[in-house]
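Chemist: Per Swiss-Prot, the features are:
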- 1-25: signal peptide (SIGNAL)
- Cys72-Cys78: disulfide bond (DISULFID)
- Ser81: phosphoserine (MOD_RES)
- Cys101-Cys111: disulfide bond (DISULFID)
Amino acid sequence: MNSLSTSAFSPVAFSLGLLLVMATAFPTPGPLGGDSKDDATSNRPPLTSADKMEDFIRFILGKISALKKEMCEKYNKCEDSKEALAENNLNLPKLAEEDKCFQSQFNQETCLTRITTGLQEFQIHLKYLEANYEGNKNNAHSVYISTKHLLQKLRPMNRVEVTTPDPTTDSSLQALFKSQDKWLKHVTIHLILRSLEDFLQFSLRAIRIM
């Protein structure tokens, strides 16, 4: 027991991975008379500081909302824009039924892996956003940095190694980005913001039940 206590309070214990181990090794006693569902839930590795994670995602969503509003006012890129064709070429991550993030077929491990890989895939799009956004640069930078930080928090919580995006896909996107005119840049930025917003909103709902 002493060796476990010593390792738990080493500097490395501040990582999310060891926090999860500590949470499993030292479960909080539940109320008397709890049902089997509560017992099963308590045995799953919980998200570390779930409330803080939710607040962090809401912070990013607030920045996205501000950028979308600015895009709508300055460049008329609003929710009713017809941009489906451009979206098909961007390979923007989405959460689908098979990702097991929806309540009807929820699976924590599968969902957490997909959220993490999705945020990883968004990185090239958010670098583009930061480099090309012509409005509030601080908000654009905040969305990029905050999403990257969220990814860093989630990565060690996965039981399996999270794969990196295919370099061929990244190269194709880079070529597409370089060929865009100003109008198409605005369309692309709007689509990135909208897709990231949807992805984070679904992720937020999933994290609430983890």
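A Cβ is built for glycine as well, from the same backbone N, Cα and C atoms used for every other residue.
The shown structure was predicted, so the numbers you read here are calculated from the model rather than taken from an experiment.
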Chemist: Near Cys111 (disulfide bond), which residues of its own chain have a C-beta under 8 A away, given they sit six or more steps off in sequence?
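Modeler: Expected: Asp99, Lys100, Cys101, Ala206, Met210.
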Chemist: Mind giving me a neighbour count for Cys72 (disulfide bond)? Other Cβ atoms within 10 Å of its Cβ, every protein chain shown.
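Modeler: Other Cβ atoms found within 10 Å: 15.
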Chemist: Name the secondary structure element type, per DSSP in three states, that contains Cys101 (disulfide bond).
Modeler: coil
Chemist: According to DSSP, does Cys78 (disulfide bond) fall in a helix, a strand, or coil?
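Modeler: Going by the DSSP assignment, Cys78 (disulfide bond) belongs to neither helix nor strand, so it counts as coil.
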Chemist: For the disulfide-bonded residues listed here (Cys78, Cys101), which one has the lowest count of neighbouring CB atoms within 10 Å of its own CB?
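Modeler: Among the disulfide-bonded residues Cys78, Cys101, the sparsest Cβ neighbourhood within 10 Å belongs to Cys78.
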Chemist: Give the three-state DSSP assignment (helix, strand or coil) for Cys111 (disulfide bond).
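Modeler: DSSP assigns Cys111 (disulfide bond) to helix.
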